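Trainee: Would you mind keeping the following structure in view while I ask a few things?
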Amino acid sequence: MSAIYKLSIQGIRSFDSNDRETIEFGKPLTLIVGMNGSGKTTIIECLKYATTGDLPPNSKGGVFIHDPKITGEKDIRAQVKLAFTSANGLNMIVTRNIQLLMKKTTTTFKTLEGQLVAINNSGDRSTLSTRSLELDAQVPLYLGVPKAILEYVIFCHQEDSLWPLSEPSNLKKKFDEIFQAMKFTKALDNLKSIKKDMSVDIKLLKQSVEHLKLDKDRSKAMKLNIHQLQTKIDQYNEEVSEIESQLNEITEKSDKLFKSNQDFQKILSKVENLKNTKLSISDQVKRLSNSIDILDLSKPDLQNLLANFSKVLMDKNNQLRDLETDISSLKDRQSSLQSLSNSLIRRQGELEAGKETYEKNRNHLSSLKEAFQHKFQGLSNIENSDMAQVNHEMSQFKAFISQDLTDTIDQFAKDIQLKETNLSDLIKSITVDSQNLEYNKKDRSKLIHDSEELAEKLKSFKSLSTQDSLNHELENLKTYKEKLQSWESENIIPKLNQKIEEKNNEMIILENQIEKFQDRIMKTNQQADLYAKLGLIKKSINTKLDELQKITEKLQNDSRIRQVFPLTQEFQRADLEMDFQKLFINMQKNIAINNKKMHELDRRYTNALYNLNTIEKDLQDNQKSKEKVIQLLSENLPEDCTIDEYNDVLEETELSYKTALENLKMHQTTLEFNRKALEIAERDSCCYLCSRKFENESFKSKLLQELKTKTDANFEKTLKDTVQNEKEYLHSLRLLEKHIITLNSINEKIDNSQKCLEKAKEETKTSKSKLDELEVDSTKLKDEKELAESEIRPLIEKFTYLEKELKDLENSSKTISEELSIYNTSEDGIQTVDELRDQQRKMNDSLRELRKTISDLQMEKDEKVRENSRMINLIKEKELTVSEIESSLTQKQNIDDSIRSKRENINDIDSRVKELEARIISLKNKKDEAQSVLDKVKNERDIQVRNKQKTVADINRLIDRFQTIYNEVVDFEAKGFDELQTTIKELELNKAQMLELKEQLDLKSNEVNEEKRKLADSNNEEKNLKQNLELIELKSQLQHIESEISRLDVQNAEAERDKYQEESLRLRTRFEKLSSENAGKLGEMKQLQNQIDSLTHQLRTDYKDIEKNYHKEWVELQTRSFVTDDIDVYSKALDSAIMKYHGLKMQDINRIIDELWKRTYSGTDIDTIKIRSDEVSSTVKGKSYNYRVVMYKQDVELDMRGRCSAGQKVLASIIIRLALSETFGANCGVIALDEPTTNLDEENIESLAKSLHNIINMRRHQKNFQLIVITHDEKFLGHMNAAAFTDHFFKVKRDDRQKSQIEWVDINRVTY
């Protein structure tokens, strides 16, 4: 089941476009509180937009995005990101991106590509879709609810929250979408369409069934004719039976002769069996001798070698581990050398770049020197290489020209200063005396008043600041300045500017390329007719090639055609028609040869039937003897051993006996070792062989138990009992070996007889099968010829025709291409308008990506600039605070000084007034004369100084640039070249060390491989010891068999066999004569059989599977008839099911509405409310419903729309949405209530809160139940007792920039 758990908002409505706000949704309750206009509803709008892709009501024209007029930006990017769990438990993230561009007079709203990402259990992410339309369809599917439920129920907008009481047409539209009525209507329409199409198919099937019935009747007539011919063949069979009775008498005599053959055959059979056994063992001896290294050792010596082999393997393993440790240390050293090499390569690159800058600076110095010389002629003829001398002379020239300016200014300054001093003294004297005269009269009373005020202020003054607070603020100011300096040293903004400039350059290059493609498209359009013609020809060529490919695929892939006319993948098209003509001629020739062979084989077949019966009698007697021996063996063999398994069981028993004996010997050999290992394990808790401590107690206890078992005395007794049991069982098997040999001898005779019988049968069968094969071949050849005529020849002719047309089209394409190449100068060759536009479209996509990157970089730069500004402003605020504190501290001292000074000044004023009045008149006359002289001197000074200052500024600017570059050149000459050479040498030394280390590593690796090979050879050596033991045993068995063969009397048995063969030949000659007479009769039967075969062949070809086809078509007809009937039944059942589904859902909805209304509504005027669904009509397309919300007052039903208050509307709408959510939201238990208390009085608010509390309480254990409540009323949270379900709520507020922010708040901070 699905659930949502995190939402991120950026640039939506009042949410800042530069910062991202995030909210996490809990279970079972998420609370969002905030004042009106803070941005609470925006959260619901973002949830709805993320899940459905629908914008909120009345938000066209980009008003859903943060207003660019507020930020002063032209491009606003907004993003909504929702993290949720899908209905199948998969973690997913959906991202929606939108953009608002501000132009001069209008704004442009764009929906950008989004993203739907799935996250698996290991954290790997996979993008499922990026297109907005696909997201609109896929997100509701992953949430497990239809889009209508998300839009009208789960994330219903506040403006649309009263939709259950909207006008009837709007209400019907929304309920039809919620019930998905159109989906079921389309299903019914599809069923009706299928039924209509099937009616047409039924008519055609009826015609086909009638035609097949006629062919079925003809087939029955032919079968009757075949039956009559078979009757004649049966008459001939009776005559053949008399001849066969005589043949049976000969067969009985042959059987008696065969019985006399048994005695000598037993001896020969036993000899033969011994020879076969000898041959088998000899093969094993030879195989082992060739596959192993034979050791010239006795069997005991080999067994001792095998027992001591494990210690050698252990030593080799220890040696191999030491080598691998050496390799590991060499690899670590190689890694450190590689790291050093990388750092040296990086430093070398930096120094080489510095060297390149050094060369450029030297050239720049030469250019600056020439420019200076050309402009000021202040240098001597110095070579460009002596830049130190150039720098020295420039410095001297700079000092000279600066001194000249200084001298001029000083000269005028002295003269002007003298005159100004005189004038200033006069003016100052006049001003001072006048002001003193005027102010001193006023200041006396003012000073007295100020003194009094300062005295009062000093009394009431409070120390607002101390020296400690001043020191604290100074420390903060120093910290912030250091942070600013650190931030500026990182050069973040210049780096971002550089990236933006690089991307802008790329964008300019791409725009130029797009313009070039646009020019090519325009030029291409000028030859539109030729390009159009070329496009049609290319299309025709592709069509012809497709047809040729289809013909080629049919010729190569059709199994029937491939058998007749095989083609390779690399066949020559030009030779195809000739190859077919050769094939057709060969077919005609093969048919003629096949007919000739059929006549010859028909004659041979009649002579091959008489050899079968004699051999069959011999088999019967041998079978009886075999049964007696089998009965004897069955009575004496053990229950777990059958006759067929005797040799395998005997071999397995010998092997088991040998294994048991070896186990006993091995136990006796290793008993002392196991006792020592047990002692060490119990005492030291370590392995006796490798001395390693045990990993844990469980491993130790397991090993101790195993060692105790092997050292137990009962264990040896068990091994001895096993050896004795195996030995007795092996002896009982060997006692029956002679009967097995007898049985094998009888089986061999039966096999020989069966071979003779099979040979005779094979002769007859071969003749018959060859004749049948030739008949089949004849039919096959005729079918192949017919296939070649009817199917292959038309394909070959069409292929040849298409090849010719394709060649003509290619010539036309080449001609037009050559004509177009005159106008086309592109390196890419001739391209059509569509091809050019496709490339231009790809470039436009790249351009959009570049612009997006530039926009992102610009946004990052702006953020960094704002961060810098905030830091600077903070420093200024701290400086102001420090200044204010310092001013406050000094203020008290200043007041004391001021009071004292003012009192002294009051005494001096009275004496100065009289002196000032007389002196002012004399000073005014002297001032007028001095002012006239001073004005003339200043005009002359300004002209000369302005000209010289301009010259000095130009010289200083050029010389400063020269000296800066010169200092960089000198620094690199002093340090850069030496460091570059040192780095190169160190890099070469490092490479040599790495090469030497690699050689050592290769040498060690070869040693490891050699040791591993030796270890593998050791395993082979162990295997070789075991196989040498096996070879000694086989040779012993071979000697025993040879002695047994030499003991038997073979010569007498062979003489008896010769007599038997002579008598058998006489009987066989007589048998063959009778068989020849019998063959004549069989020949006549063959002719009749040929007629039957001809008729049968006609049945197989012309009327092949006629009854099956008739039955198939008849069944198809009946099936389709039944299907149409089933479709009618299914349509009615579906319609009925839809009605039932609709009725049940409406019952559930109304039941929940009734319960919630009665628990919530506190008024007495409305008893309850319901949703009425009235059936409109039963049209061709199905039933339709109208919906309305009704209320009950004293059992009277009334339409609620237009008859209820605003508060009742809100409450009814919330209850209906809750009911719909519980009914249709099984897979997605989320529902959001935006301002549910709107228009509700206090009592109904409290009732609604309690109802929500009960709903949460009932569904809190449902894993995916999530109730989201948005409200400005914190009392509502108290009525809900929200603290019982969550420990926090989210507060939405505006910051000082009026941007919306989401804040996590403890639920206990709510004041009810």
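Cβ from N, Cα, C; glycine included.
Straight from Swiss-Prot, here's the annotation block:
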BINDING   Arg13, Asn36, Gly37, Gly39, Lys40, Thr41, Thr42, Ile65, Asp67, Gln158  ATP binding site
BINDING   Thr41, Gln158  Mg(2+) binding site
COILED    185-347  coiled coil
COILED    403-558  coiled coil
MOD_RES   Ser469  phosphoserine
MOD_RES   Thr568  phosphothreonine
DOMAIN    640-741  domain 'Zinc-hook'
COILED    640-678  coiled coil
BINDING   Cys687, Cys690  Zn(2+) binding site
COILED    712-741  coiled coil
COILED    787-1108  coiled coil
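Help me picture where these features are in the structure shown.
Mentor: Secondary structure at Gly37 (ATP binding site), taken from DSSP and collapsed to helix, strand or coil, is coil.
Less than 8 angstroms from the CB of Gln158 (Mg(2+) binding site) sit Thr41, Ile44, Asp1234, Glu1235, Thr1238, each of them six or more residues away in the same chain.
Cβ neighbours within 10 Å of Ser469 (phosphoserine), excluding its own Cβ and spanning all shown chains: 15.
Per-residue pLDDT, averaged across the domain 'Zinc-hook' (640-741), gives 71.
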Trainee: What's the CA-CA gap between Lys40 (ATP binding site) and Ser469 (phosphoserine) in angstrom, rounded?
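Mentor: Between the Cα atoms of Lys40 (ATP binding site) and Ser469 (phosphoserine), the distance comes to 42 Å.
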Trainee: Can you tell me the CA-to-CA distance separating Asp67 (ATP binding site) and Ser469 (phosphoserine), as a whole number of Å?
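Mentor: Asp67 (ATP binding site) and Ser469 (phosphoserine) have their Cα atoms 43 Å apart.
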Trainee: Within 10 Å of the Cβ of Arg13 (ATP binding site), how many other Cβ atoms can you find? Include all protein chains, please.
Mentor: 19
Trainee: How big is the Cα-to-Cα gap, in Å, between Gly37 (ATP binding site) and Ser469 (phosphoserine)?
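Mentor: With distance taken Cα to Cα, Ser469 (phosphoserine) is 41 Å from Gly37 (ATP binding site).
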Trainee: Under 8 Å Cβ to Cβ from Thr42 (ATP binding site), same chain, six or more residues apart: give me those in sequence order, or none if nothing qualifies.
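Mentor: Spatial neighbours, sequence-distant, of Thr42 (ATP binding site): Ile9, Ile12, Arg13, Ser14, Phe15, Ser1300.
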Trainee: How would DSSP class Thr42 (ATP binding site) in three states?
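Mentor: The residue in question, Thr42 (ATP binding site), is helix (DSSP, three-state).
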Trainee: Taking 10 A as the limit, how many CB atoms besides its own sit near the CB of Lys40 (ATP binding site)?
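Mentor: Step by step: centre on the Cβ of Lys40 (ATP binding site), count other Cβ atoms within 10 Å, giving 23.
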Trainee: What whole-number distance in angstrom separates the two most remote CA atoms of the ATP-binding residues Arg13, Asn36, Gly37, Gly39, Lys40, Thr41, Thr42, Ile65, Asp67, Gln158?
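Mentor: Taking every pair among Arg13, Asn36, Gly37, Gly39, Lys40, Thr41, Thr42, Ile65, Asp67, Gln158, the longest Cα gap is 21 Å.
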Trainee: Using a 10 Å radius around each Cβ and counting other Cβ atoms from all shown chains, which of the binding-site residues Gly37, Thr41, Asp67 yields the largest count?
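Mentor: It comes out as Thr41.
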